[in-house]
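Okay, structure first, notes after.
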Number of protein chains: 6
Amino acid sequence: MAETTTPAPPREDGRADDELRPVRITRNWLDHAAGSVLVEFGRTRVLCAASASEGVPRWRKGSGLGWVTAEYAMLPASTHTRSDRESVKGRIGGRTHEISRLVGRSLRAVVDYRAMGENTIQLDCDVLQADGGTRTAAITGAYVALADAAASLGVSNALTDSVAAVSVGIIDGVPRLDLPYVEDVRAETDMNVVMTGAGTFVEVQGTAEGAAFTRAELDALLGLAERGCADLTRLQREALDG
Amino acid sequence: MAETTTPAPPREDGRADDELRPVRITRNWLDHAAGSVLVEFGRTRVLCAASASEGVPRWRKGSGLGWVTAEYAMLPASTHTRSDRESVKGRIGGRTHEISRLVGRSLRAVVDYRAMGENTIQLDCDVLQADGGTRTAAITGAYVALADAAASLGVSNALTDSVAAVSVGIIDGVPRLDLPYVEDVRAETDMNVVMTGAGTFVEVQGTAEGAAFTRAELDALLGLAERGCADLTRLQREALDG
Amino acid sequence: MAETTTPAPPREDGRADDELRPVRITRNWLDHAAGSVLVEFGRTRVLCAASASEGVPRWRKGSGLGWVTAEYAMLPASTHTRSDRESVKGRIGGRTHEISRLVGRSLRAVVDYRAMGENTIQLDCDVLQADGGTRTAAITGAYVALADAAASLGVSNALTDSVAAVSVGIIDGVPRLDLPYVEDVRAETDMNVVMTGAGTFVEVQGTAEGAAFTRAELDALLGLAERGCADLTRLQREALDG
Amino acid sequence: MAETTTPAPPREDGRADDELRPVRITRNWLDHAAGSVLVEFGRTRVLCAASASEGVPRWRKGSGLGWVTAEYAMLPASTHTRSDRESVKGRIGGRTHEISRLVGRSLRAVVDYRAMGENTIQLDCDVLQADGGTRTAAITGAYVALADAAASLGVSNALTDSVAAVSVGIIDGVPRLDLPYVEDVRAETDMNVVMTGAGTFVEVQGTAEGAAFTRAELDALLGLAERGCADLTRLQREALDG
Amino acid sequence: MAETTTPAPPREDGRADDELRPVRITRNWLDHAAGSVLVEFGRTRVLCAASASEGVPRWRKGSGLGWVTAEYAMLPASTHTRSDRESVKGRIGGRTHEISRLVGRSLRAVVDYRAMGENTIQLDCDVLQADGGTRTAAITGAYVALADAAASLGVSNALTDSVAAVSVGIIDGVPRLDLPYVEDVRAETDMNVVMTGAGTFVEVQGTAEGAAFTRAELDALLGLAERGCADLTRLQREALDG
Amino acid sequence: MAETTTPAPPREDGRADDELRPVRITRNWLDHAAGSVLVEFGRTRVLCAASASEGVPRWRKGSGLGWVTAEYAMLPASTHTRSDRESVKGRIGGRTHEISRLVGRSLRAVVDYRAMGENTIQLDCDVLQADGGTRTAAITGAYVALADAAASLGVSNALTDSVAAVSVGIIDGVPRLDLPYVEDVRAETDMNVVMTGAGTFVEVQGTAEGAAFTRAELDALLGLAERGCADLTRLQREALDG
């Protein structure tokens, strides 16, 4: 890892290895939803909508506890080459399932169900344009939509912390932060990290796409992710204060 | 129809009965698709993406003819109350099917398949926010995205005309143009009309939601639609020239 | 439209342009259903069964209102070339969905839900043989089955009028009534019109299959449909009186 | 079995225990299919259509052998209480699957695939009205439709024999032939038997609905079935000669 | 049948024609289920698990009666050539449906629902390795698992008898008991017979795979099956006593 | 983490915190598959079968490269409370999808596709009994089955290393190795780690079930996993040598 004597080539978009893409968080992008955010990580663009409703799913009725759930999906034309619509195929693909579950778990890590009362907030993260890091953008934006929806229900105290996510990976032996599509497809190792505002870990998902990675490489990636999530936490706070 | 002696109450948004909502057509809203348009009819907002690809479906191979097809869908949080995701339900609802077919037929009415050559253009119309008239906005925006995609393939001559669509309806006995949601739910009769730039009809779909309608009412609605489609045709031309 | 100096060729079956095919309405074709009709428009043969049951769907319980719904389907061997069974494919096609919804809406236009009380009538329109105009035959026959089912429930007064439907189209520039398959596939424009016994419109669905149509052509088609529906209304009345 | 000292009550419809219901076989009931039969066993009414096409399924191509397959289904209103449509439920039930397979196997027992050449005949057996014995009526009628379709392909010699089927059962301890619905629901044992014109067995499917049955009872049921199938074989021959 | 003057070749595994394969019934193969059995008929290996739960399906609530149901499935690698997973295909095949229903019916033949009380026992029969006779092994093993589950619920008296099943068939004109795969694929006639411990019949399912079979052949097969089921009944008793 | 002054309670099964459950790897458990392993981690029991076939999926034809894929599933009665069968539900759940993908990715990390040639190996991991750690047992066992299948194809050199997996977690503040169900449900943090025989990482998937975890806790868990995977690697080697 990065122990090469010849320096690695610079990133195509000129960023430093530990630098995020330009991040934009636009609140209230929709009129109907309780919270809605258009989040952009570079050219990746995800619409995160939080729908609030009274009551909880049947299996939770009478518990006094709230519920938060999430669905992730990509519009067909969001990808470089159009992908088929899952509603038309009649089944949700494994990747979609996996990311929906990840987004839900990540948000629930900062929810105090008792403080929510028996209310449900449903997050919908729809990728309008994909350029790498859609799941991490989804989590980062969804948290802000969730905060707005919680406020609309008068239960802002049900959020015990914020949550943000970023991708890291090793490209040409160099650990890098926040991979766009062109880096993502070339990454030897790819990791998504979800962290709280307090700097603790909610999810760590690392995959060797090419060669397996060493403990030292893993440690370097975790360090980058800690830095990236701290930056995103600040941007979330600014958006909510704005 | 409109034979009431007491004048009908004005429209909630202050428009004249034969006036469109503010229409906005933003081209190139996406980076990957061959053509993409964010079309807005008031608060209704539809993302229309046209993906161009070489080749045609198998049943058309070797014919020398192109193909144009369309899919329509609503994001879950686009509606006043969140609606379930069709990919999760595992089946497409009748309304979605119906509108996808309508959009496809409407666009194909102005396509010269031979001039296209064996290329396919796939339109995706995704409703980001729904406030009535989503299918007519979809058709109107999709035509512009189609024109851009045809240009990108170098087959602009494959479009023999433009196509636009508008809704009309009778509310409190008064025929009105371009219904927002609050009028749509109260309409006694609801009609969607698709027309070419030349002023001929591609589709006429009228439904009595309440009482059946007379021939005179039908004639009045058709007249309103002719006017609305003419306005939309002009706005499409401006967008494409812009 | 029809302004050609050379006269159009006569219809293959020798009918006048404004003449229906031989129509036969056979009541009580089944033993179990509350109402059942075998309706024939020429060689098109549709079995319409109305099943009556106490109670209404859950979303309507306690409202004091009844419910009427319909499903349309084609037997595999009903078409010129066998078509696959939708139950085997595991999903209902767009066309089937669309027609089922059309039949239901058309019938509901003449139903007084309050007079029905909390009862449900379910119409099943199964095409035994298809030769054009299956949806219009289905609506025309289903009304008669509905009337019998309403009588069996003792709520004949819940039907405020009758409803009938017919197809019209432009073939070789000539507007014609009640198209069989051979005309349907050649039609430049194809329109299905649903009307009440009182002569008002319930549904108008016109589609340009080839060239878009002018307002004058549209007016001519509507005129033909008015005549055809009036004839069908008379035949329905005779069947119910018979 | 039948060892009761008090005589069993007569059948509701007055038939002898070894007597078939009135059977009617109407050929050419449809215009498009290569063979079509409306078969009636009393009030049970099944439409059997045989569609012939050149070629065979992919897995059989180049073998020089033909193929025969069958699908069975019930119209929703065919039953005493309306049953849901399997296309709407999105899946075929176990009973439907089972009977479709039974009909196909039964017909294939008398087919010489080599004599057929690479042609396919697809049987569709749709129950228009159900009053017990629908699967046996379907097989009996389908054979006649198959014979007509084979003739239309010029391969009548591909049928090595005829095939017919009948139900038998034990009601109140008495073995009876050809059970209508009222007997079927009360039967302690229910058996469907498929036989060739030559009097050999193709399928025997016996089920204890209530108490398990003895070998002696089984033997008595088989005897009744042999008689019933012989009668049906004669009726099939008359229909084909007629 | 078997009237050949040249003696039939011996069975590949050296068994007598009326001899079962080595049968092994291993109880308590799982830790969680109320009853579980690994049953082996030669190389055929089926895991039968009986899950007991309080309560019955909704349509049976308040009746005071219990319920027993069964599902059968094959692991993909259980067959000679891997078969696709039905969960992945998204639908259960006809054969699986058919056998699940057969297993359930067979077990229910010896259940006294009233003695069970409102409890449910669900049998799962999963084929780990298939070498012919999987459905008969499943029934035979499932009975033992059912007995253990009934005991765990304290309702052993709800089983009025035992039930076992075996396959028989005609190979090269010779009736044989308990067919392994190599015989099964060559059988002219194939029959599965389910019997009670008392020697009465629950199910008889015979199919002519090649030529139709005579009454004499049928009688010979039934005789073999009676003997085989008697042997299996003894082995079940020994397993439950062991 | 583990900084409590009161010592943590010992594990229910008496193991040290860094000790695996008894692991058993039984090769050749099935007769038909090219490789098959029953792997046991304590009471968790997974049947791993590797089916080898010539040829590759269509999208890979002519590439000269092989393919390895995997499916994971649980038998209904494998869990403490019976779970519904996914084939019956008609769709695969998110968890199943996720684990199938994980198993496939993990194995592919040690496959040299070019050395495989155009052959496919399909792994089926079916959980017969679940007591925590089913996915890690599946990966560990599947590797051994894969090795046997590769040998049967004569391409043992296509495996560049071995792969094994283990779960780790924090229970009552104490990091522990290889969690059984009772620990898994109580874990504050749960991590699955997949490693090569050479000690590099293939997958790291950590999830905060309760409180988010610190970097120090993450480091401790990774250390435990390294130790556990090394032990499993040794056991795999012994099994393959045995």
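Just so it is clear, glycine is given a Cβ too, placed from its N, Cα and C backbone atoms.
The domain 'Exoribonuclease phosphorolytic' annotation in TrEMBL covers E:19-149 (among others).
Annotated phosphate binding site per TrEMBL: E:R95, E:G133, E:T134, E:R135, in sequence order. E:T134 (phosphate binding site) has a Cβ environment of 26 other Cβ atoms inside 10 Å.
Look at TrEMBL and you will find E:162-227 (among others) tagged as domain 'Exoribonuclease phosphorolytic'.
Contact annotation for chain D: of the listed binding-site residues (E:G133, E:T134, E:R135), none places its CB atom under 8 A from a CB atom of that chain. Residues in the domain 'Exoribonuclease phosphorolytic' (E:19-149) partition by DSSP class (helix H, G, I; strand E, B; coil) as 45 helix, 43 strand, 43 coil. In sequence order, E:Y72, E:I99, E:V127, E:A130, E:G132, E:T136, E:A137, E:A138, E:N192 are the residues of the same chain, not among E:R95, E:G133, E:T134, E:R135, whose CB sits within 8 A of the CB centroid for the phosphate site.
Whole-number maximum of the Cα to Cα distances across the phosphate-binding residues E:R95, E:G133, E:T134, E:R135: 13 angstrom. For the domain 'Exoribonuclease phosphorolytic' (E:19-149), the model gives a mean pLDDT of 96.
A 10 Å cutoff on Cβ-Cβ distances gives E:G133 (phosphate binding site) a total of 25 other Cβ atoms nearby, all chains included.
For the binding-site residues shown (E:R95, E:R135), fewest C-beta neighbours within 10 angstroms: E:R95.
When DSSP labels each residue, the domain 'Exoribonuclease phosphorolytic' (E:162-227) comes out as 17 helix, 30 strand, 19 coil, counted as helix, strand and coil in that order.
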